[in-house]
Amino acid sequence: MDYKDTINLPKTDFPMKANLSEKELEILKKWEGLYEKLRAQRKGKQLFVLHDGPPYANGNIHIGHALNKILKDIICKVALIEGFDVDYKPGWDCHGLPIEQQVEKELKAKKINKESMPKDEFRRLCREYASKFVSIQKEEFLRLGVLGDWENPYLTMDPKYEAQEVREIGRCLQNGVLYKGNKPVYWCIYDKTAEAEAEVEYKEKKDISIYVRFELLKQSENVLRQKLDLPDKPISIVIWTTTPWTLPANLGVMSSEDIEYVVVEEDNYLLLLEKQSQYVKNKEFIASLKGKELTGLEYQHPFIERTGKIYPSEFVEAGTGTGFVHMAPGHGMEDYIVGLRYGLEPFSPVDESGRFTEEAPEFIRGLNVFEANTVIIEHLKQTGFLLKEEEILHSYPHCWRCKNPVIYRATPQWFIGVDRAITSHFASCEDEKIDTSDVKKLQNKSIREKAIEETYNVKWVPKTGQNRMLSMLQNRPDWCISRQRFWGVPITIFYCKRCGEPLLESHIFEHVAKIFESSPYGADEWFKKDEKELLPPDTVCKKCGSKDFVKETDILDVWFDSGSSHASVLRPRGIEKADVYLEGSDQHRGWFQASLLESIASYGEAPFKSVVTHGFTVDEKGHKMSKSQGNVISPLEIIKEYGADILRLWVISEDYTEDIKLGKSILKRLAEDYKKIRNTLRYCLGNLYDFKYEFSIAPDKLHHFDRYMYAYASKVFEELFSFYKNYQYHRFYHRLMEFVSIDLSALYFDVLKDRLYMYKSGSFERLSAQTVLYFLLKNLTILLSPVLSFTAEETYSYMKSIENHLPESIFMNEYKASDFTDEELLKDYQKLLLLRKDVLKAIEIERKNDIIKHPYEARVVIKPNEEFYKLLEKYKDYLHSFFTVSQVEIAENDGEEGEYTKLRIKVEKAKGEKCPRCWLYVETMINGVCPRCSQNI
């Protein structure tokens, strides 16, 4: 007789082969409008806000974008299954130099000169370019399975956004932290603009360092000779520099009051420098003195008719250079700080292209600063002032956009003063949108002080992020927020034509903001309209009474653009702080810091409760991905071959706080892991075709093995959910794979097959197992949904035939922890599982010895000890099923001792006949089958 039709073999339409690249497209169509439905469903629940750090609207998305957006999506979806009303509004950074450069490139191809084009027309082209890539990237992000308010993203070029930035400038001015100053800033001579600290990256650079002597004036020589017994030769101080091109801007020399300086004799002159300098190694010291005795001595510039003085400075360290640092306040921040102290105005004879101006010596005028290095060195050599030159490799700032070296250059710029006390700048506030109430909480603290204080109120993931941010805040200079470009939000300040006084009244900023937000052109109106059209009627200079004004031509730093997003995106909707900001670890000095500083400057508090950072993507060997190396992998190519869910699984497969490896072999391994997860879901569905949720048996009434798995899985699910909530996604992944592969596939599912297949539909034995299978399926699907979103939604569609009245989408469900436990049973099974390991090992040995071919052919004899005797007696009727053998006997035997339990275990040939239906060996048959099968046909 053929018993096949009497066996409950698995049945499901849930395919074994995922075919994700096609199936996901179907699911994406179903998700249209889902975000809006979720917001409606969760209305009134506690709000959870992840504020999106805006990617740049240029080019297609790369693997770093995918990592970033998927991590954000996982966080949001975890909040969804936790029961929150999740607010995620994607954004784009739309202004800035890269877009300008791309538009310029397109214009050049058409032989159109940008300079001949009206600024508002050029800005229109930039806007169109950004819009194009917003649309492209939006579709690519959607393909990753990211849920969000994609119909209403925020764009930094949106008129309302730009208008709010104008208000933020007003708040910063009102709070006394925004000022205009002539001071050195990072300057890219190729892009011809100032750059913020966050826009430079340090790279190794070869340069020529030089030792140069500066001759002391006779009067200063005499001062030294009165203190020291010196030969009658000219005295020179020695400076060491790696930037010879800054020598034309030299206005002084810094020394240290605490360093010991020495005099050495060389050729026809005496040299004065610090005792530890490499230059005086193995030279005889004629005399020595402390640095404080050098203050005020004067020297002659080596090639300019200019004298300078020696000034004490905390920036001079022993052991580096010569103990004397040449000071060019127009080309160095430390130089500027010391110069300011002693009344030295910044001097920079270099234009925006990095070429020396008419203020420089004739022999270098018109030269690029880097070209001038060799010319200056040669000049010093010929005039006898060069003592030594050598090549060095040092860390030097480069423009993060064009990758060229930048310089420090003093120019008039707008700054946010990080050490300025935040107090109301105005006697009164004329507009409710620019108020002073937030400032009261600051108690006259500076931005730096308040920012440092706020870092302790923020949760940092990983924790090292806090120290990184603190280090940057403690050492950063004032924030230069002005740029000399076209495509950005203008700094909306007017100057009196007659006396140059700026208009700083708050109502003027509000007036301009309203013009921007009421126009489809937004900030372009600044370039379209003249001053009278932009100013309130009858505006008068309070200083001189003039009615004629001129507009500021600089635009805002793009970091101010994105850093003020909290004010443009969150606060108008009543959200003072986002729950999470998440970006790459480079954003500590970028968006995180810009957001923190801008928020404190305007509102006196951090805009975020938590900051999560991720590492960067590298290839399988740990190398940085680059086109030149040929190791770049496109996320879109991965999706095409494997599907987005494999990419999403990759994101949690390693510790994302470190750099994450990606390559073909890694993707293949992940595809295998995905199959294990999918087969787990399929096993559950396949064995639930005749089950309904209402058939479920109460946990405490289940078969003891099912009861064990229910209690054990409840703990595992809580563990997994805890990993989610603590952002420990790689731990979630490894525990998930362990649970799926070992606890379910190798144990529970393996043991369960016999009971599921052989017992009647509707029987207690089958229903008990099915109750747990559905419990596993539902909880696994919900817990998988933040990561394997497409697969979870696909699985969920099959669950609707099992449980009535399920919500439309898996994401409309909440994870609810089970409070069921049975500690005694869990302890019993801990021991039984150890015994199972020993039994399976013994069976495998006998299979290799050809004693048995299949576990069902085995009879296992176990000799119990005192610890195991009661346990084996308690479960003796179930042990054969648990070990997947035909028979188990508790008796004396001469078998080998088990590794885990130390019990003697012997495997023999099972007694009796093989049941043709269940394949178990039994000693009694009824109507040609075993007694159990005879009752289940």
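Any Cβ shown, glycine's included, is placed from N, Cα and C.
DSSP states for the motif ''HIGH' region' (55-65), grouped as helix (H, G, I), strand (E, B) and coil, give 3 helix, 1 strand, 7 coil. According to Swiss-Prot, the feature motif ''HIGH' region' maps to 55-65.
GLU583 (L-isoleucyl-5'-AMP binding site) falls within a strand when secondary structure is assigned with DSSP. Remark: GLU583 (L-isoleucyl-5'-AMP binding site) has GLY53, ASN68, GLY590, TRP591, PHE592, THR613, HIS614 as non-local neighbours, by Cβ distance under 8 Å and separation of at least 6 in sequence. Taken from Swiss-Prot, the feature L-isoleucyl-5'-AMP binding site covers GLU583, and the record attributes it to sequence analysis.
Under the heading motif ''KMSKS' region', Swiss-Prot lists 624-628. For the motif ''KMSKS' region' (624-628), residue counts in helix, strand and coil come to 0 helix, 1 strand, 4 coil, using DSSP.
The C-beta environment of LYS627 (ATP binding site), restricted to residues of the same chain at least 6 apart in sequence and closer than 8 Å, is empty. Per Swiss-Prot, ATP binding site is recorded for LYS627, and the stated evidence type is sequence analysis.
Secondary structure from DSSP puts CYS918 (Zn(2+) binding site) in coil. Cβ neighbours within 10 Å of CYS918 (Zn(2+) binding site), excluding its own Cβ and spanning all shown chains: 20. What Swiss-Prot records for CYS915, CYS918, CYS930, CYS933 is Zn(2+) binding site, and it gives sequence analysis as the kind of evidence.
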Legend entry - Which listed residue (CYS915, CYS930) has most other Cβ within 10 Å, given these are binding-site residues: CYS930
Legend entry - Additional residues surrounding Zn(2+), by Cβ distance to the CYS915, CYS918, CYS930, CYS933 centre under 8 Å: MET758, PRO916, ARG917, TRP919, LEU920, VAL922, VAL929, PRO931, ARG932, SER934
Inset, instruction - Starting from the Cβ of CYS933 (Zn(2+) binding site), draw a 10 Å sphere and report how many other Cβ atoms land inside it. - result: 23
Legend entry - In three-state DSSP terms, the structure that CYS930 (Zn(2+) binding site) belongs to: coil
